[in-house]
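For reference, the structure is listed below as structure tokens.
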Amino acid sequence: MLSLWLAVILVPGILGNSDVVKDVTLGFGEALKFCREESQLTEDKMEEFYHFWHDDFKFEHRELGCAIKCMSSHFNLLTDSNRMHHENADKFIKSFPNGEVIAETMITAIHNCEKQFDSEPDHCWRILRIAECFKNACKEKGLAPTVEMIMAEFIMVSEP
């Protein structure tokens, strides 16, 4: 789910975990190409996702929450009630190298954020708020990967 993606992106705290979060973030981001149309994202809004970890990233547009919801659904990370599917999220995170090291931490962080915004009736807005909460929690704990880490990996993967 969106939280999972955020968790993956934010949880690199414990020595080298930022690499795991970077990997999970990039893996989760693969679903964006499938979700652009469904979530009504413009090219500009899609471009914003590359800057998710940047301090200036704004959590203002509902369609970003819809995109994260779609991406989470793409990987079967949401329940029927659009909440994080804990077991599937755990498997998803652990599917990345060293994911077992941070899976529990990420899932707990996302779950704590979900509880804060559980009363929000609009799933896209709620998921967007959860993502922001997750990012802030990761930043506060020093777990977030740098934008440079994400971009460097993205460039390396893009090169032939």
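Using N, Cα and C of the backbone, Cβ positions are placed for all residues, glycine too.
Of the cysteines listed (Cys66, Cys70), TrEMBL assigns Cys66 as the disulfide partner of Cys124. Disulfide annotation in TrEMBL: Cys133 is bonded to Cys113, selected among Cys113, Cys138. Of the cysteines listed (Cys35, Cys138), TrEMBL assigns Cys35 as the disulfide partner of Cys70. Counting only the Cα atoms, the space from Cys70 (disulfide bond) to Cys113 (disulfide bond) is about 19 angstrom. If you take the CA of Cys35 (disulfide bond) and look 10 A around it, the disulfide-bonded residues you hit from Cys66, Cys113, Cys124, Cys133 are Cys66. Between the CA atoms of Cys66 (disulfide bond) and Cys133 (disulfide bond) there is a gap of 16 Å. For the pair Cys133 (disulfide bond) and Cys124 (disulfide bond), the C-alpha distance works out to 14 angstrom.
Annotated pair Cys113 (disulfide bond) and Cys124 (disulfide bond), C-alpha to C-alpha distance, rounded: 14 Å.
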